[in-house]
Every structure is written in C-alpha cells, then in structure tokens.
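Peer 1: Found this in TrEMBL, in case it helps:
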{"type": "DOMAIN", "residues": "76-506", "note": "domain 'Amino acid transporter transmembrane'"}
{"type": "SIGNAL", "residues": "1-18", "note": "signal peptide"}
{"type": "TRANSMEM", "residues": "83-101", "note": "transmembrane segment"}
{"type": "TRANSMEM", "residues": "107-129", "note": "transmembrane segment"}
{"type": "TRANSMEM", "residues": "157-181", "note": "transmembrane segment"}
{"type": "TRANSMEM", "residues": "201-218", "note": "transmembrane segment"}
{"type": "TRANSMEM", "residues": "230-251", "note": "transmembrane segment"}
{"type": "TRANSMEM", "residues": "306-324", "note": "transmembrane segment"}
{"type": "TRANSMEM", "residues": "345-364", "note": "transmembrane segment"}
{"type": "TRANSMEM", "residues": "384-407", "note": "transmembrane segment"}
{"type": "TRANSMEM", "residues": "428-446", "note": "transmembrane segment"}
{"type": "TRANSMEM", "residues": "452-475", "note": "transmembrane segment"}
{"type": "TRANSMEM", "residues": "487-509", "note": "transmembrane segment"}
Amino acid sequence: HLSVASFLLFYQCLLWKGQQHCRVYPAIAMPSTPSSRKSAATEKILDLPLESAEGTYGMTLLEVEDGTAKAEKKKGASIGSSVFNLSNTILGSGTLAMAYAVKTTGIGIFAILLGLVACMADFGIGLLIQSVELIHSKTEVQYPDVGRNAMGTAGRLLASLSVILQQFGACCAYVVIIADVLTPIIQMIITDPYSPLCERWFWQLLIVLLIIFPLCLLKKMDSLKYTSFVALGLIAAYTLAVFVVGSYTAAHPGLRSSFIDGFANETVIRSVCANVVNASVPTSNITTNCSGPGNDVIFFRGSVDFINALPIISFSFLCHMNVFPIYAELAHKSPKRMAKVTHGSMGVCFSVYFVAGVFGYLIFLEATKGDLLKNFLTSGTPIATLMDVLRVGFGVALIFSYPVVIFECRHCVDELCFGHRPYSFKRYLVLNIIIIGLSTIVGILVSSVTTVLGLVGSTCSPLIVFILPAAFYLKLDTSPRFSSKRVISWIMLVFGILLIPLCIAGWVYGLALPNPCS
C-alpha cells in the first residue's frame, strides 16, 4: 500500500508540472495492514488537495507521519486581532478632539453627526471590499489598484494622492499630540532651565528615533496586534477616566468652577522650564481671553460654529486605506468575515468617541479646548495627578498607533513611485526615513493639532471615506441601476462632494476667527 501511495503521489506531482509544491517523506513508519484492506493513509493522500504555488488557497504541504496524513491550514490574522488593528487605525488624535466637537455642535447634533458618519464609513468599507471582489485579482489589492480598475490612471492617482496626504497628515498630528501630552510631564522634573530637555522638539525627535522608527520597520500589520492591544487599552483607560470625572462633574456642577479656576483654563507648567519661557508673561494674562465654562449644557447649538466639527468627525472615522492589508491578512478572508471586523471596529470607535466627547464636554463646557488634555494642569489636585498618568498612557498609545497609520502611506508612495517592483529592504528603509522625517518636521513646526485635523479632515477625509468608495463601486458594479446599494452609494457620493467645500469654509472660518478657548 505504501508503494502504491508513493507512486500515485509522485504521479500527481508530475501532472501538476511543477506548479504544485510537493514534499514526500521517503521512509514512513506505518502499521502493517491486511492486503485486502485499503490503507487509511493512502485514502487520505488521494483525497486531500495540495497547496497552490502562490500559497493563497487550499491546504498546505502534506505531511504523513506514523501512518496518518496531516493537513496544516494556512495561518492568518483572526477577526479579533483584525478588529484591534483596524480600531487602532481609527482611534487616536480624534479622541482628544471629540469634546471640542461636542462644544461646537451641542450634544444632540454631535450624536446625530457621529452616528451618521460612523454608518457611512462602515458602508464605504463594505463598498471597497465588494470592489475588491469584483476585480477578481489573484494578488493583494490596495486602494490605488481599485482606483485603476475603476477609473484608469486618473482613479489610481486620485486614490494614491488622497491616501498619502491623509496618512501623512495623521502622522503629523500624532507627533504634535505626543509632544502635547508627554512633554508637560517630563518638564516637571527638569532642574536646569536652559537644558534642551525643556524643549518640545527634543522629546519629539527622541521618541521618533528611539521608539517610532524601529516599530515602523515591521513588515506586516498583524505583527502589531500586541501593540494595538496595548494602545487600545490605554485609550480605553483615558475614556473611562473622562467618563468618571464627567459624570461626577455633572452630578456636582458647583465643583466645575473650582476645576476651571484650579487648572482648566490653560495648562501652565509649574516647572523651571515654564518659569523661564513664560517669565515675562503674567499668569493672569493667560486666562483673560477665555470667558470660562459657564453652567449651561448645550444640546443643539444654533451657530455656524458646528461646521468646525465636521472635519474632526470625518477625520476621526477614517481607516479605509488600511482595510486592504487587514483584509489580505485575515484568515479565511471573505466579505462576510471582513464585515464582522468592520462592524466591530466601528462599534468600538463610536462608543469611545461618544463617551470621550460628551463627558469631556461636561467637565469643561464652554472652556473645552481642541485637545482635551490641555485643559488639565499637571499638578495640584488628585484629578490632575490622574490625568498626568493618562497623559503618559495616551502618549504611549499614539506612539504604538503611528506605525499602523504610516503603513498604507508608505505603500502608496512605493507603488506610485516604483510600481509593483519586488520588495527591497533598502527602498523600504528609505521610504520610512523620508515619511517619518517630514512628518516629524511638520509636527515640530505646527503647535495646534486642530489646524492639522481641520485641513486634512476638510479635504482628504471626505474623498477617502465617502466619495472614492462610492465612485469606484458604482463604476465596477453591474447590478440593476436602482438597486438599494447603488442608490445609497449615490447618496454618499453626493454627500461627500458637498461636504468638502463646507468643511473647508469651516476650517478657514476657524482660522480667521479663532476661539480663545480652543
């Protein structure tokens, strides 16, 4: 029986003409069986398929040991790890800005906008995955590939440039926020007022060089699932703390003024560094331009200021360019399994944004800043001590999120400049150096995260979240003209087109008439 099995296995390999990879063990220990019985091992060898040369479909190499045939399934990312990675690309700098979005819109309008954008972002990801399936490509598909198949060179360029600018802007925002949340803590222990340790740029460079850059050299996104877990845990801790403090403040509104008077109007670092930097600026002058929190909770704000929240919310749900590598690495990938990943990630992110936004707003009301952590002083009260711990935690979370965000930016630059050339570590290293270096420079020069989020969220975010997924799907799909999915796609396309000029107007309005409490 062993001879027959070996002959048939060799014959099967020859028939595949070298396209299938076959590994055969010349000596196999098998129990003796009567000649009239068919060997179980022989039956398994004849029935099990071999893996294709590309290693994408089917079973892996046959291994026959001790009379049994074993088929190992190809490993891939689980739904859980994919949810972590996708959520990690969504959550980040937007979490800190949600409270400011609530302040500009009111709680009611914020909830409506947040839910609407979350549902449309989820639907857009589904359109992209359906577009990937319509292409029928045997290789891994990225956002520019979908654009090329749908609209030719113009679609490829539009998708590539949108993703590059969007992710680059997110990287810049991360560098800004890392300095916002970490340097105040570090500056508290500085004894030399003229030391470079007092400078934001020093810590930005140090963190980028020693932590972010090595993490960005990881080749696969699934390799970041553990750092994604840590990052999401830290963001969850921040959200929980905001929920507790916000609930307590709402129940005891008389304490709000003491919070603001004590540490909320402006983050003034009580350190040697701050004393040198702000020696000529009286502390009283720092807070006179802000009218304070007030006591009125606004649910529907009748003001054009709500336009400023649109870019922030649009930016905060953007993850569409990171869907492709996550889908490619998903075990037993299919649109249904990817839908579970998408729904899970959007549900997590909506919950985090809603809690962080509403309860962060309830703490400071009209004194809420674009970066909520900048409302808190770094010492003086138990709450300040708690927020100091969360500053460090949130900074670590953003450090771990940066490599996930840069993944698709780097890929699009590579594909746009070098096409589909084979992987080269030298090219990979150079691209990392260029992208990380430029984003660090911009992050050092720009001090306000709302400036970055407003610009990117007004232009690239509507393109990637609403316009391009709908346009690509409508171009590739051949279903009836008035099918429900096509009708919703048209609505989302028109919504995205109208959103861009509206968001740009809001961003320019915010720059022209800045809010002293923002």
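From the backbone N, Cα and C atoms, a Cβ is placed for every residue, glycine too.
Because TrEMBL annotations are produced automatically, they should be read as predictions rather than curated entries.
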Peer 1: If contact means at least 3 Cβ pairs within less than 8 Å, sequence distance 6 or more, would you call the transmembrane segment (107-129) and the transmembrane segment (201-218) in contact?
Peer 2: no
Peer 1: Are the transmembrane segment (345-364) and the transmembrane segment (384-407) close enough to be called in contact, which here means at least 3 C-beta pairs under 8 A that are separated by 6 or more residues?
Peer 2: no
Peer 1: Taking residues 6+ outside the transmembrane segment (201-218), which of them lie with a CB under 8 Å of any CB in it?
Peer 2: 175, 178-179, 182-183, 186, 224, 227, 399-400, 402-403, 406, 410, 428-429, 432, 436, 440, 443-444
Peer 1: I need to check the long-range neighbours of the transmembrane segment (452-475): which residues 6 or more away from its ends have a CB within less than 8 Å of a CB in the stretch?
Peer 2: 93-94, 97, 117, 120-121, 124-125, 127-128, 130-131, 143, 146-147, 150-151, 155, 158-159, 162-163, 165-166, 169-170, 172-173, 176, 308, 310-318, 320-321, 442, 446, 485-486, 489-490, 492-493, 495-497, 499-500, 503-504, 506-507, 510-511
Peer 1: Give me the stretch from 83-101, 157-181, 230-251, 306-324, 384-407 with the greatest number of Cβ pairs under 8 Å to the transmembrane segment (428-446).
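Peer 2: Of the candidates 83-101, 157-181, 230-251, 306-324, 384-407, 157-181 scores highest.
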Peer 1: Out of 83-101, 157-181, 230-251, 384-407, 487-509, which stretch has the largest tally of CB pairs under 8 angstroms to the transmembrane segment (306-324)?
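Peer 2: Of the candidates 83-101, 157-181, 230-251, 384-407, 487-509, 83-101 scores highest.
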